[in-house]
Amino acid sequence: MIEPLHTAPPLLAAHALAFSRNEEPVFGPLDFHVDAGEALLVQGDNGAGKTTLLRVLAGLLHVERGQIQIDGKTAKRGDRSRFMAYLGHLPGLKADLSTLENLHFLCGLHGRRAKQMPGSALAIVGLAGYEDALVRQLSAGQRKRLALARLWLSPAPLWLLDEPYANLDLDGITLVNRMISAHLRGGGAALVTTHGAYAAPPVRTRMLTLEAAA
């Protein structure tokens, strides 16, 4: 007797997910999923709810309607925060700490064991030699690179990236694409928001388009 093949559930799935603010709909209801080894590219104009969607998924905003599943199981808010690494518009860095101190601090703050040494992460994002530089001395692009180093250190399998190409030059955009590709090759997944004309990362990509509420 041939046993049926068992297909692994999606790394993340959303069912009838919706969010409103002051009784005005922001997005939804949405149904989508992302498998291990692929990226979900979330597109839409400003005001379409891209950032809000990622904040809901990350557990930073309450789920009003719908369901979020991780590996086929309904995920509570705290479970999602441990499973996901969120890179938002604000880098979330300590201005009076050095780049290296920030990475050590943030790893300890979340109680996560980094998958690499912080110094190696700085080199990967092009900040070798800036270990002792204070964050307040960095340019916007350098701060974005430091936030990318923090992302790289996270063991979370799902990356939530809100406009990751913002404040980056062409080399920085290439860096983001390489990081996403490496993360997916390791069995991770990524949700990436964009409203610009940037090329999608060179990986297996699923598309989700949001439209601003009327």
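Using the three backbone atoms N, Cα and C, a Cβ is placed for every residue, glycine included.
Pulled from Swiss-Prot:
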- 12-214: domain 'ABC transporter' (DOMAIN)
- Gly44, Asp45, Asn46, Gly47, Ala48, Gly49, Lys50, Thr51: ATP binding site (BINDING)
Sparsest Cβ surroundings (other CB atoms within 10 Å) among the binding-site residues Gly44, Gly47, Gly49: Gly47
Spatial neighbours of Thr51 (ATP binding site) that are distant in sequence (at least 6 apart) but have CB under 8 A: Gly88, His89, Asp162, Thr193
Least buried by Cβ count (within 10 Å) of the binding-site residues Asn46, Ala48, Lys50: Asn46
Other C-beta atoms that fall within 10 angstroms of the C-beta of Asp45 (ATP binding site): 11
